[in-house]
Amino acid sequence: MLQQDSNDDTEDVSLFDAEEETTNRSKKSKIRHPVASFFHLFFRVSAIIVYLLCELFSSSFIACMVTIILLLSCDFWAVKNVTGRLMVGLRWWNHIDEDGKSHWVFESRKASPQEGKTVSEAESRIFWLGLVACPVLWVVFAFSALFSFRVKWLAVVIMGVVLQGANLYGYIRCKVGSRKNLTSMATSYLGRQFLRQTAGDTQTTSGE
């Protein structure tokens, strides 16, 4: 009877762990900020749709251009200041010190297991998919406008490439770190590999 009770206790613990693991997975896959996720895609997708279809519904180039630039500007502000911080815990910004020098800051929030501030996998996919795919489309539009001699649209397309490309570059810097950090990491890695190879050659020589 005692042995059976101990086995029951073991099974209860395993079931508890399984429930906790299932709960953690559901939290990671759940969209925690639906409004931010919606507006992360809304402005940039709307700008692309207006660019592709505006000539079918309006003959005014000025109205189309102003609408697209407004959507691109709203997208730039929302992605830079709101959606990146909420959806993936990244932020980039600029500040000017007392000497008048401009400094770019690229921040990445560290997840705290105790507070449960892990990044949602679903939101992360939505964020990076929209962040990467839309600038690529604007680059395609730029080449299309250039080769089809649609000069008046070239300025609008370049605006899309610049604004959305800036956010893409900023968040990639937040994700992978600054160039100095990458250089130091690569240097230290190559140094460790060289020391390992040297130590291995020394052991081989001494063994012979």
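Numbers run from 1 along the shown chain.
Glycine residues also receive a Cβ, built from the backbone N, Cα and C atoms like all the rest.
If you look up TrEMBL, you'll see 1-21 marked as region 'Disordered'.
Annotated transmembrane segment per TrEMBL: 35-53 (among others), in sequence order. Outside the transmembrane segment (35-53), and at least 6 residues removed from its termini, the chain residues within Cβ reach (under 8 Å) are 64, 67-68, 71-72, 74-75, 78-79, 82-83, 86-87, 123, 126-127, 130, 134, 137-138, 141, 153, 156-157, 160, 164.
Taking Cβ pairs closer than 8 Å, the transmembrane segment (59-79) reaches residues 39-40, 43-44, 46-47, 50-51, 131, 152, 155-156, 159-160, 163-164, 166-167 in its own chain, all 6 or more past its ends. Sequence annotations record features per position, and here TrEMBL assigns transmembrane segment to 59-79 (among others).
For the transmembrane segment (126-147), same-chain residues at least 6 beyond its ends with a Cβ under 8 Å from one of its own Cβ atoms are 31, 37, 40-41, 44-45, 48, 51, 79, 83-84, 87-88, 153-154, 157-158, 160-161, 164-165, 167-168, 171. Look at TrEMBL and you will find 126-147 (among others) tagged as transmembrane segment.
For the transmembrane segment (153-172), the list of distant contacts is 44, 47, 51, 65, 68-69, 72-73, 75-76, 79-80, 84, 88, 90, 92, 106, 131-132, 134-135, 138-139, 141-142, 145-146: same-chain residues at least six beyond its ends, Cβ to Cβ under 8 Å. Annotated transmembrane segment per TrEMBL: 153-172 (among others), in sequence order.
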